[in-house]
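> Pasting the relevant annotations from TrEMBL:
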DOMAIN    7-183  domain 'Yip1'
TRANSMEM  31-50  transmembrane segment
TRANSMEM  70-93  transmembrane segment
TRANSMEM  105-126  transmembrane segment
TRANSMEM  132-154  transmembrane segment
TRANSMEM  166-193  transmembrane segment
Amino acid sequence: MIIGHLWGLIVHPEREWKLIRKESHGFCRIFLGRILWLPAIPAVSTWYGTTQVGWRISDKADAVRLSTDSALWMAVLGWLAISLGIVLMGGFIQWMSKTYGTRATYSESLAFSCYAAYPLLLSGLAGVWPAIWVLMLVALTGIAMAVWLLFSGLPYFMEIPEERAFIYASSVLCVGLVMVVALMMLTVVLWGAGMGPVYR
């Protein structure tokens, strides 16, 4: 179902967003069916890539790997951060919905947040092979697709005019950028407190 929706969002987004809108979006269904395991894709992939495969700065250098325990803690914290980010974005989308002339429920807003984040979450599979150029290429593609889904899907999902939806989507994107910066600052604080990566 999830892959079917993702393919539909790429091929015929207007029709797919309307189908998603008609589905029942209970909080437990979204949380247990998507939010618990989708953020695990980048966490598990990155854990495997940094502990088993490693990365090289140059062709002549040895592969750099993280210790299993260090990578595990970072994967768990990453999974929590992504899950919390999706849940918070759902809250912000619902909170802003009144301003832009729609009355979305929290469950509907959470579903939109989750579906719009699919490309980002699936691009986390690139963490299995942590080559910098691969990660950058896949991450930029995932970001571009997620932003495209946000801007193209909001008018259909929230059933508002495109002009209003553009400003709404821009506001959601700004909130997302602020959350990314806050996460980066928290990462710096945690690494400074001694919870950074341990290499082997």
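Positions of Cβ are set from backbone N, Cα and C atoms, glycine also.
TrEMBL annotations: computationally assigned, not manually curated.
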> May I ask which of the stretches 31-50, 70-93, 132-154 has the most CB pairs under 8 A with the transmembrane segment (105-126)?
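Per the Cβ count, the answer is 132-154.
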> For the transmembrane segment (70-93), give me same-chain residues lying six or more residues beyond its boundaries with a C-beta closer than 8 angstroms to one of its C-beta atoms, as numbers and ranges.
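Answer is 31, 35-36, 39-40, 42-44, 46-47, 50-51, 104, 106, 109-114, 117, 121, 172, 175-176, 179, 183, 190, 195, 197-198.
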> For the transmembrane segment (166-193), could you work out the same-chain residues 6 or more beyond its ends whose Cβ comes under 8 Å from its Cβ atoms?
77, 81, 85, 88-89, 92-93, 96-97, 99-100, 147, 150-151, 154, 158, 160
